[in-house]
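Feature annotations, courtesy of Swiss-Prot:
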- T138, K139, R140, D141, G190, P191, S192, G193, V194, G195, K196, T197, S198: GTP binding site (BINDING)
- C273, C278, H280, C286: Zn(2+) binding site (BINDING)
- 89-248: domain 'CP-type G' (DOMAIN)
Amino acid sequence: MAAAEAPRLAGMVVALQANFLEVELETFNPSSLVSWTGSTDDEPLRLLCTRRTRLDHRGAAVHVGDRVWVEAIDWQERRAVVGDVEPRQSWINRPPVANVTAVVVALAVKQPCFDADQASRFLLSAEQTGVDVHLILTKRDLITSDQLEQQLVRLRGWGYRPMAVSVQTGEGLGALKNKLSSTRLAVFCGPSGVGKTSLLNQLLPQLSLRVGAVSGRLKRGRHTTRHVELFRLCEGSLVADTPGFNRPELPADLRKLAVLFPELDGQLEDYPCRFRDCFHRDEPGCGVDKSWERYPIYKRFLEEMECLTRSSRGGSGSGLL
């Protein structure tokens, strides 16, 4: 029997399709299977899977990025059943992706123009995940070298090491691919229209992801990615394209806002405030230098969060996007 030829095998959920899961196997040796008639190259094998009802009974949801065990494998039809889910090492809510090791925030230098408020919202959402955050500036070819250097210096002041890329000229793509090759699962996020999908098409030429134009009236991109799917960048490294949103949510916890700003978090390590519940406005004993660029944004976000807290105790959950 086909199921008897293969034991339970480990894999990662790389896509969801209606009621099915697409699982990429970690290891696969086709030469050991009498019934195998497919390719024997080194490409990872993907199986279309259903899930055991016992997972539902245990309340074990299965999402993209989950490491799972598949069984009852039909090699000829490339189908199987997900029997178990491994504990997650990390989790982001929106979109739901498990075991992320890095978040890549993509922001355009132009078309649409760079917006510090919007950029900060995406960066705060990325910082909440607790994994490495990489900042990428797209459409580098639309501004001069001097303008780019000013933007890079500015973002270094925010506490990041930004990289600039252009899908038109190819500049920076090699360096970005090298950076991503050292992380197991990187999620791309950012406003729609900044070129995330175009960037992935350049990094992964075998893909043909649909690219949308930027809206002329709003100067915002039209969403082209409708679901989350993982793509293999190189051996041991996957990347995800995610649906774009123009206004991600702020974190729900007022007291965690400050540490999500790297330039403010660094100040608190060196010059802690007198009181633990300091919000770094006009409180006595505050050790924060308020001359940093994003301080007005921090105060604005804090006021917005306070209004939301007053209007709805508990608020809505925070997520990546």
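Numbers run from 1 along the shown chain.
Using the three backbone atoms N, Cα and C, a Cβ is placed for every residue, glycine included.
When the alpha carbons of V194 (GTP binding site) and H280 (Zn(2+) binding site) are compared, the span between them is 33 angstrom. Looking only at the binding-site residues C273, C278, H280, C286, the one with its C-alpha closest to S192 (GTP binding site) is H280. Within 8 Å of the centroid of the Cβ atoms of C273, C278, H280, C286, where the record puts Zn(2+), the same chain has further Cβ atoms from R274, F275, F279, R281, E283, G285, G287, V288. Model confidence over the domain 'CP-type G' (89-248) stands at 85, taken as the mean pLDDT rounded to a whole number. In this structure, the CA atom of C273 (Zn(2+) binding site) is 33 Å away from the CA atom of G190 (GTP binding site). Take the Cα of C286 (Zn(2+) binding site) and measure to each of the binding-site residues T138, R140, G190, K196, S198: the nearest one is G190. In this view, the densest Cβ surroundings among the binding-site residues V194, C273, C278, C286 belong to V194, judged by other Cβ atoms lying within 10 Å. A distance of 39 Å separates the Cα atom of R140 (GTP binding site) from that of C278 (Zn(2+) binding site).
Here C278 (Zn(2+) binding site) is positioned 43 angstrom away from S198 (GTP binding site), judged by their C-alpha atoms. Neighbours of S192 (GTP binding site), defined as other CB atoms within 10 A of its CB across all chains, total 21. The Cβ of T138 (GTP binding site) has 25 other Cβ atoms within 10 Å, all protein chains considered. Distances between the Cα of H280 (Zn(2+) binding site) and those of the binding-site residues T138, G190, K196 are shortest for G190. Of the listed binding-site residues, namely R140, G190, K196, the sparsest Cβ surroundings within 10 Å are found at R140.
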